[in-house]
């Protein structure tokens, strides 16, 4: 590649130098060096307002060596002086045009196949930041927290964690992001596009992270291992969360009570119980929430959006916690164990609910009477007694009930489903209580006794 000003050769990745330099002097242009030892005969080294190709010819900022090229005192015959939008450097093999000759030179290597920039360590053809992988050098440092990186654009991206800047805006809603890739992921919610596809089975997803997670179902890859037990995880965040079970570490503590937790988001939700504050409101129905994640989850009841998809079947859900519970059905894994009785659960919420059978805790209080319950669903059912509300309705016949479980039972009268099977004969029942009555025929048990005469019978009716 020739130097645009002097025809100097390019060797060892240093355009314009032939390796003959001595003590900062350029043998191609003796006398052109500035105090800093730069040769002004090479593009980029020019002093203000001077044309280095024609020393002494400058008049009032115009370069007489390129008549007609002057625009506002700039000579457009030199890289860097182009007017905005102008692309004077044309490829003679395609329609490509560039504002800078260096960009054209780089483009032309696509036609020639030339790879002038090669790493001496590994043969990689892209240079620049790549070399720092071998040296370990991280020249770009954050002045706020000391974070270091090999590339300037990584530092700029990192700085947004301090400034809160989110320059990438969605043109269809109020969403904004700190990174373009995050905005691209968000846009798929509007378009419904699922650009990431598994080459093994055809599974498609809107998010690259979901595809990466899915691919591990083919490779069996669980890269992150716990050094204290046999647990392994496909994601580092899952391992970090798991390790805290061994250490008992709970970094986030409530200032108002003894509550502590491993996650800041959990503490934020807890603190709202003390303040009663619910700053997040749904503009569709007026629902208010103490934390943003709860509002986001609620909004999906309006949109029908189900972001979380199972890699093993067609199941999808609006909540990650629901997907985690579902995935345990495939894996059979039950990582949460009760220290009192050995009960194991697939999800943390089930273990928390179970622990109340030992503690007797009933945190859900009725605001109209003294009733309290260990589970929120039990309180919801109780409240219906006060309101008379029957929110659960059968789509087949219009039957309404206060309880979801009653509706599930009722639906079996339409479907004919009998999920409760006798393990001693072919009998099956739509309800567990009916199966329990049937089992007394095999056992001979008579659990129901008359308080007046002591007679015992098998059935309560």
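Each Cβ is built from the backbone N, Cα and C atoms, and glycine gets one as well.
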Query = So which range, 1-56, 57-112, gets flagged region 'Disordered' in TrEMBL?
reply = 1-56
Key: Cβ contacts under 8 Å made by the domain 'C2H2-type' (392-419) with residues that lie 6+ beyond its boundaries   = 377, 381, 384-385, 428-431
Remark   = One stretch in 89-116, 308-335, 364-391 has more Cβ pairs under 8 Å to the domain 'C2H2-type' (196-223) than the rest, namely 308-335
Ask   = Averaged over the domain 'C2H2-type' (140-167), what pLDDT does the prediction give?
value = 86
